[in-house]
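**Student:** After the structure tokens below, expect a handful of questions from me.
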């Protein structure tokens, strides 16, 4: 007999079924035993009439029934069992209006009796036992939402003739900066872990790939402990040729996001509302665009003085700006554009005629930055000049600069943190909840 | 005016168009100039009537025409240009029966006059200049095929309710063996790069995820220089719960591959035949299954003595076995099953009643191993025993062994090298051709 997923039981007629999953609870009453069984799709009630206190003249069938009763009574929470039985629809059963009368039950894998985490365990403790923590239906849903989101995003890219690339994570030099760089021995030499696929996705442009995307890990030796940072994270990247400005990048970016949110709302919207109380909507495009200088004015007019000198927004300013955008434009998303050159990397293109501003943007979603995008500087002499100005040695960037010496189209793209998008989409408080196995300065296990 | 991709010109009516791409060749004749322009979709001929040797009384229009002629005459191979002009269908034009008469031409990015690689450059030299090497239409096609293949594979998984996971590549211990392990400083401690997602995709099983997949980088400090090995490669992994044996894994594996090959044949089959002379077919399922012991007999009966003592097949034996399968079963694929325990990792489940054999398989495609799969041992006491027997210290595996202590379903899965599949699919001689940027013991750039 083939296993039926619990979510698929309901439409079946009464009759024999096989289910498999883990024991959530056992209610061991004198005359009847109830087991709540969960699998990756839901929960179902199993029922068994108890057979106890056999006399000496008990039949084989009675002995076997008594053995089953004993087995069920001893089931620890989490134990994996396979059950054959009879499905019966009965509207008096609160749990989905059906139950399975146990015919036979096989213990596939016993759980230790003491579960190391409970509902009120701290996040850190839950992460120690992440494989148990992930059994929560909400956690399962997070990663189903992630799957739907990513697949829709990729489908958008594939349908629009993007090439999927897998850029190397082992590099001979830094991709972003010498800070926050993981270094490793590489045979006789040294390698570094890619902080982003920046240089290599740009390489696809002189390579004539036109439009590319990648969803892959990136690594930052970032010592911070915020709810938004990790030392390893999944980065969604795209890069396209022949853009006229960052506007072309933003248009592609918002279209891709609208497609992905559309898929999530359609497939997981109801489950998200039930589990997280979030009524997810498909964002309308275009998202509002607000130049950084104007964003600063809006925040200042709202009575908040940004406590940093470099002109960038801080997290509180991002929250306030997003609230203003939500109130005035009805959008959960906002592109903050035209960042000052001083707070952007050397490879961002600057305004023609005003080198103090860049053709760049940050995307804020529900008050938090989820992405940075830009048109890239593709003129090698300007690029070298900008690298020098940022204190970089062009000699160390030779392999990257070569990409610009044999013809390269104007291009731009973005990088976006997957776990951040999910955290903000589902109203959660930390990317630790939306990362399968979080990695931070003091967390490298399990 | 919006840029039109070259492949999309043909159905357009005669009239104004804009194209953009890089210069392949310039034929600078006395009276007329021809430019072959390529973009990510194809090539088109541009034409310009030459204007030279103006008299002193030349008009502005004539001067501007002469300037255009001079610009075109000086275009280096690879230079990126944007061209507005008039599309004209003309069946006398060999290249697709159309040409574009140049109205205006903008040089977006000049190429250095000397291209560092030529058609006859060695593979190693081509890899030095990979961004130029990838401009070849065959290279572009390889990564479009990869995109189609991967997306169809993911679509198969998503349609079958798999969860996509992103397992960490930073680990506190080895995932496969202490050999071929990259080690890095991690704040005050040490981390290792994941050699495979093995432990973490198994973690999804006690986590109740049911079915999971991942396509992500894996790292091996492998000093070998074969055409099939790299220090960083893209691994396709799947792992499913509630299997009865490796047979369930193979069935899923072949179904997924048939779906992915089907998509490639449908979308890229004609282009593959034209570029690589390979007539790709959708494989029929089930693939033949041959136990390793029988495979050894077949190879021995074919007159080949395998020069290794451990009972495994060597590359020549794999080629011979595949040829035999092709001749006798008409299949390009074969599952070699039931490997000896001595040549399998500790986590492969062994036969009930014969611990010398495992519930495992290798998948060969066109004569080369592309994947290893197995049912996993999920009984923690047996697992510990098998680890000890392989010389591992269970104490070092505690975090992994914990996965098996709180209930875990029987499960199994496979890992498969993406670049190998592509190499064998397209009849290429090295994974260096099917990897975007190859990484080997002596190659860490560009």
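The backbone N, Cα and C atoms fix where each Cβ goes, glycine too.
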**Student:** According to TrEMBL, A:220, A:372, A:376 bind L-aspartate; which of A:176, A:183, A:255 is also listed for that site?
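**Tutor:** So, going by the record in TrEMBL, that would be A:176.
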**Student:** Determine which of A:369, A:377, A:385, A:389 appears in TrEMBL for the same ATP site as A:417, A:418, A:419, A:420.
**Tutor:** A:369
**Student:** When TrEMBL marks a stretch as region 'Aspartate', which of A:194-197, A:198-201, A:202-205 is it?
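**Tutor:** Per TrEMBL, the stretch marked region 'Aspartate' is A:198-201.
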**Student:** What is the total of other Cβ atoms whose distance to the Cβ of residue A:220 (L-aspartate binding site) is within 10 Å?
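**Tutor:** Total other Cβ atoms inside 10 Å, all chains included: 21.
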**Student:** Would you identify the secondary structure of residue A:176 (L-aspartate binding site) according to DSSP, in three states?
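**Tutor:** In the DSSP reduction, residue A:176 (L-aspartate binding site) maps to coil.
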**Student:** Could you state the CA-to-CA distance between residue A:376 (L-aspartate binding site) and residue A:418 (ATP binding site) to the nearest Å?
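**Tutor:** Cα-Cα, rounded: 22 Å.
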**Student:** At the level of the C-alpha atoms, what whole-angstrom distance separates residue A:418 (ATP binding site) and residue A:372 (L-aspartate binding site)?
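**Tutor:** One finds 13 Å between the Cα atoms of these residues.
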**Student:** Per DSSP, to which secondary structure element type does residue A:220 (L-aspartate binding site) belong, with helix, strand and coil as the options?
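**Tutor:** It is coil.
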**Student:** Report the DSSP secondary-structure composition of the region 'Aspartate' (A:198-201) as helix, strand and coil residue counts.
**Tutor:** 4 helix, 0 strand, 0 coil
**Student:** Measure the Cβ-based neighbour count of residue A:372 (L-aspartate binding site), defined as the other Cβ atoms within 10 Å of its Cβ.
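**Tutor:** Residue A:372 (L-aspartate binding site) is surrounded by 20 other Cβ atoms within 10 Å.
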